[in-house]
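One structure is given here, and the rest of the page talks about it.
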């Protein structure tokens, strides 16, 4: 549905795609200025920690238990009421379908009760715009979306307009961080714990595989690194050895991300004017210091500006969902109340159709 809105917009965002129950109220001014009025996140770390990862059934039940209170707290903290909302933006996928259904159903209920439009947001589109929560970033830009479930390079030319340049052919970078951290006996979530352990380690001590060296595309692969590091971890007996392996893994992931970004920048430069050379990194792995340093070096080398979300908005949050919804609503784009939850939902669906070998799994289109 379309019905352009040029005035200020007050949007409630809801995020329940994995193990964070989050709600946020964001104001988007008519000139595009964004203000986060509240951001409330309910974590489920303690529920999933004994299992070393997210258990979908536990996550969905936890969302059901907490979504009411968290949304109410976000509205209260913003100093507004539900009746003041101009729209509701809820993650509709991709993600764990049980959790996605909880947030989307709650969003539909609020929208229906208040007579407000609903925007069913692609979780990845939320990450794509998340850097705009901390800075005014114009379109177009080159985006590295890197998290526990996703690893993609995208050319973003406008709201919802994404062209995929590269994607992982197996595991995501964040998954590699988490699984290797688990093999090292580190607590969940593993990525931040591995980064902490890596401080002072020797990244050259262990020989770790480098993926897809013979290819000149922008795709990623982390399964070989994950397997090799897990095997080495089984043999380690000292803290120094564990520290060195953590440093090596972090360096290997940062190097591969940097190499593919460098390739993508060269492709992007061929079709864009110098004033449009903007690079954005988003997703949970964007909080890793070694990764940021490697990507900053790519930007300096290729003449790109660098932007990343504030650290609070790197991992899953509802402010980015509210912003993505506000951007769509400002263009008059919103959804019917029969919008469905989509566990698989590519940002660039054309690329998914053009390359089904990389884009489809047993459960449908990959993210």
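Each residue, glycine too, has its Cβ placed from N, Cα and C.
On a predicted model such as this, the values are computed, not experimentally measured, just so you know.
A coil conformation is recorded for residue 316 (Fe cation binding site) in the three-state DSSP classification, outside any helix or strand. The Fe cation binding site feature in Swiss-Prot is assigned to 123, 127, 316; the stated evidence is sequence analysis.
As annotated by Swiss-Prot, substrate binding site applies to 145, 146, 147, 148, 149, 178, 191, 288, with the evidence given as sequence analysis. Annotation for residue 288 (substrate binding site): same-chain Cβ neighbours under 8 Å, separated by at least 6 residues, are 177, 191, 195, 250, 254.
Listed in sequence order, the residues 15, 17, 91, 124, 126, 130, 147, 283, 317, 320, 321 complete the 8 Å Cβ shell around the Fe cation site centroid, once 123, 127, 316 themselves are left out. DSSP assigns residue 178 (substrate binding site) to a helix in the three-state reduction. Within 10 Å of its Cβ, the residue among the binding-site residues 178, 316 with the fewest other Cβ atoms is 178.
Under DSSP, residue 146 (substrate binding site) is assigned to a strand (E or B) in the three-state scheme. If you draw a 10 Å sphere around the CB of residue 146 (substrate binding site), it holds 28 other CB atoms from the protein chains shown.
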